[in-house]
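First the structure, which I've put down as structure tokens, then a few questions once you've had a look.
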Amino acid sequence: MASPASITLAEVARHSSPNDLWIVIEGNVYDVAEYREDHPGGDEILRQFAGKDATTEFQDAGHSNDAYVKLKTLLVGSLQSKTLPENQPEESSRIVSIAVSDRGKIPTKRQARNGNDTSKYGQLPSLVLAGGLALLFFTLKQHPWQSIQGYLSQAQVSRVQSSGWVGFLGGFLTATTLNTAAATFVGLTAKKTLLLRHRELEEYPRVKQHYLPLPPKKPGISGENTQQFLTLVDRQCIAPNVYKVRLQGDGLVIGLGQHLKVLAEIDGRKIQRSYTPVSPVGNSPKVDLIIKVYPKGQLGNYLLNLPLQSRVEIRGPFGRYSPSPTWKHIACIAGGTGIAPIYQVMRAWPGEITLLYGNETWEDILLREELEQLVLQSPRRIKVHHVLGQPKSDWKGLRGWITREMIQDLLPEPSSSTGFLVCGPDGMVRAIRGHFEAIDANGEEKANVFVF
């Protein structure tokens, strides 16, 4: 089997268009152009890292074994070692077996240091014991009792004879000396053993631990081969050209931030589209999806005209997202149907959360009643700001597009304890990225931004 080609980072950067899209993950180069439409997280995430190294984001997002299997089919080659980023190891971390007979042949700096420490401490027990015996000999020479038993008898007499205080003091010093010598000998011997054990443990290589997001309390089944047929049981119009579709099935488990693929055969072609459920996460027989129907949208119109009680093919769920445990505040920016994954997080997140939600009109706001209910339940913890592009004349809220000034005025400042979640149309997401780049350039800390 031929070894994979060696590719420079500069060559990878030349493949950064939607139809010619290469990315780097863990030192390998992948061509993901044809995989954009099938990517569970949407093609926007892949285009974000076109021609770049996406190792950190790939590892932070968490992926199933199926994702690694799929990557093998997209492999182009490996990144040249000299072009690897500083934080990217040339080889994956692995545990190395070390034979006992080989230890110590080529000592490292740490081993040499530990060896000197143990030899230094190893001489102390003998010195202390010798000192204790010398002190005991000196004491017995000054007070020549026949034996320890005789000394004890002498000590008892000294309790009632005022002239025997010297004997009592000598006995006390003798006992103290013996106890100190014995305790020191045992303690330092044990310390020497522990230092040797510690040195042996340090001979093994340290394996770098990458941050992994916390899994959902009820993780969903993930994988492209997870296929089910659910029944369309309800369909309601909740905004102009937007419908809430309810599917019913058996044993479907949805985790936080996961989405489903809905598939249908239309005009002899298999069409698929990803949707994030807005129903509660966990094991539920019913799944609610938000579907926006466009005039030329094939799958949306298919679901709009599909008779109730019809079977709908789905795959997944895919993906997984959990906020960082170090975050205390989450700032969300959503547009249109991008509220679906944001709403999932808002409902599950126990900390503070602030939402900037952009729509054209008041009637276009999705899940408006559900969002209002969250605010009523936790008015101090949850805040929602609506931004309308074409509001009525009596609208007193925010107008136009979501701007950098809105982000800076209404959302928390970037910090290690704050996360930013973004989901919406591609144009809005690109604009928000530009705003954060400007904010990062002028701020002390960079924003922790995650795009669904």
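The first residue you see is number 1, and the count goes up from there.
Note that Cβ sites are derived from N, Cα and C of the backbone, with glycine treated the same way.
Here's the feature list from Swiss-Prot:
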- 4-80: domain 'Cytochrome b5 heme-binding' (DOMAIN)
- 33-38, 80-83, 116-125: FMN binding site (BINDING)
- HIS39, HIS63: heme binding site (BINDING)
- 120-140: transmembrane segment (TRANSMEM)
- 166-186: transmembrane segment (TRANSMEM)
- 225-324: domain 'FAD-binding FR-type' (DOMAIN)
- TYR302, LEU303, LEU304, ASN305: FAD binding site (BINDING)
- GLY389, GLN390, TRP395, LYS396, GLY397, LEU398, ARG399: NADP(+) binding site (BINDING)
Could you state the whole-number distance in Å separating the C-alpha atoms of ARG399 (NADP(+) binding site) and LEU304 (FAD binding site)?
31
Measuring Cα to Cα, how far is TYR302 (FAD binding site) from LYS396 (NADP(+) binding site) in Å?
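A Cα-Cα distance of 38 Å.
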If the NADP(+) site is taken as the center of the Cβ atoms of GLY389, GLN390, TRP395, LYS396, GLY397, LEU398, ARG399, which further residues of that chain fall within 8 Å of it by their Cβ?
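Near the NADP(+) site, the remaining chain residues are HIS386, VAL387, LEU388, PRO391, GLY400.
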How big is the gap, in Å, between the Cα of LEU398 (NADP(+) binding site) and that of LEU304 (FAD binding site), rounded to a whole number?
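Spelling it out, the Cα of LEU398 (NADP(+) binding site) and the Cα of LEU304 (FAD binding site) are 33 Å apart.
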Just going by other Cβ atoms within 10 Å, which of the binding-site residues ALA33, LEU303, LEU304, LEU398 has the emptiest spot?
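Comparing Cβ neighbours within 10 Å for the binding-site residues ALA33, LEU303, LEU304, LEU398, LEU304 has the fewest.
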Between the binding-site residues TYR302, TRP395, where is the Cβ count within 10 Å the lowest?
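Each of the binding-site residues TYR302, TRP395 was scored by Cβ atoms within 10 Å; lowest is TRP395.
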Can you count the other CB atoms that lie within 10 A of the CB of GLY397 (NADP(+) binding site)?
10
CB neighbours of GLN80 (FMN binding site) within 10 A?
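Total other Cβ atoms inside 10 Å, all chains included: 16.
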Out of the binding-site residues GLY389, TRP395, GLY397, give me the one sitting nearest to ALA33 (FMN binding site) by CA distance.
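Comparing Cα positions, the candidate nearest ALA33 (FMN binding site) turns out to be GLY389.
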Reported as an integer number of Å, what is the Cα distance between GLN80 (FMN binding site) and ASN305 (FAD binding site)?
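Cα to Cα, GLN80 (FMN binding site) and ASN305 (FAD binding site) are separated by 53 Å.
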Write out the long-range same-chain contacts of GLN390 (NADP(+) binding site), meaning residues 6 or more apart in sequence whose Cβ is under 8 Å from its Cβ.
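Long-range Cβ contacts: GLU360, THR361.
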